[in-house]
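Look at TrEMBL and you will find 20-51 tagged as domain 'HTH cro/C1-type'. The transmembrane segment feature in TrEMBL is assigned to 112-132.
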Amino acid sequence: MTESVNSTQAGTALSLGQQLKAAREALNLSITDVAQKTNLKKSHIESLENDIFILQNVAPTFVRGYVRNYVKFLRLPESLISSVNYGEVTIPKEVTKVSSVKPSSNSQGKTLKYLTVLVLLAALGMTLLWWWQGYQKEQENREQFVSSAPVAEVANTATNNDASAQTSVPVQQPIQVSEQPAQVAETVVAAEPALTEKVEPTQAASSPVTQEDVKVVEEVKQADATTAQVEAVNVLQQSQSEQAPTEQPVAVTNDELRIEITGSQSWITVRGAKNKRLAEKLYNNGETLSFNENEQYRLTIGAPANVKVYYKGQEVPLKIDGRVARIRLPLQ
């Protein structure tokens, strides 16, 4: 009884490798015999008996299987299998109960998604704001066009009235000078009675003069006087028209597009290709604009009556109806 207790105490004091070796020797088996019967390698059996349970290039699970097979072959208790470590990482049970921390990849993805949406919303808002500012500015320009058009028409009518008043003065000059042809007519009429007086005695010698013959002679005198006056007036008007200085035509430069402000003032907007703004403001009388090296032009003229447009040396006709003129050049 005491011997069995001693043997168990001695067995518990031995390591797993020593117990495996002692059990093999008790069965009078060599390592080669065990390798043939268990299909284990000799090197693995030697490592297990030397308490080497972490084998190179062998997973811990396979090492545990080798030990289990060897223990069953030697008929040792299976409790010895879990008494050693095979290189496995053991996690305490307390740690497994703790809830695992979720990865933060989802939170990072959400933040990136929110940032992308914010950037897109900001870009959309900036685009809408830019469009709204352009729309407001265009509305203000249209209001200025509409308000400046009646003022330009009033100024144009005033200038036209002044011009008509100035041109009406030379027309009255032939009436003042018409006194000279009247005098000439009087001399002609005065000379005619002398002839008639000379002729009348001869007629009186031949036949008596009636009242009807006297009336016919007077009507002939009046017709001759009026024709003489009309001819004198025509001669004077022709001489004055020859003496009047002729207006010199406006010299047009070789600019592709030339705009002249001939009236008081006008708002003008000029845009080139790709809607590029070349000029936009209120221009006064006497100012000129010239543009070159552009294939197309878009003009917006607030007061067309005060503006002349020349394109490639030819004047562009403008429609004057009290509204803003919009023109595309070249004309289609």
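Every residue, even glycine, has its Cβ placed from backbone N, Cα and C.
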Tertiary contacts of the domain 'HTH cro/C1-type' (20-51), as residues 6+ beyond its ends and Cβ separation under 8 Å: 14, 58, 66-67, 69-71, 73-76, 84
For the domain 'HTH cro/C1-type' (20-51), report the average pLDDT of the model, please. 88
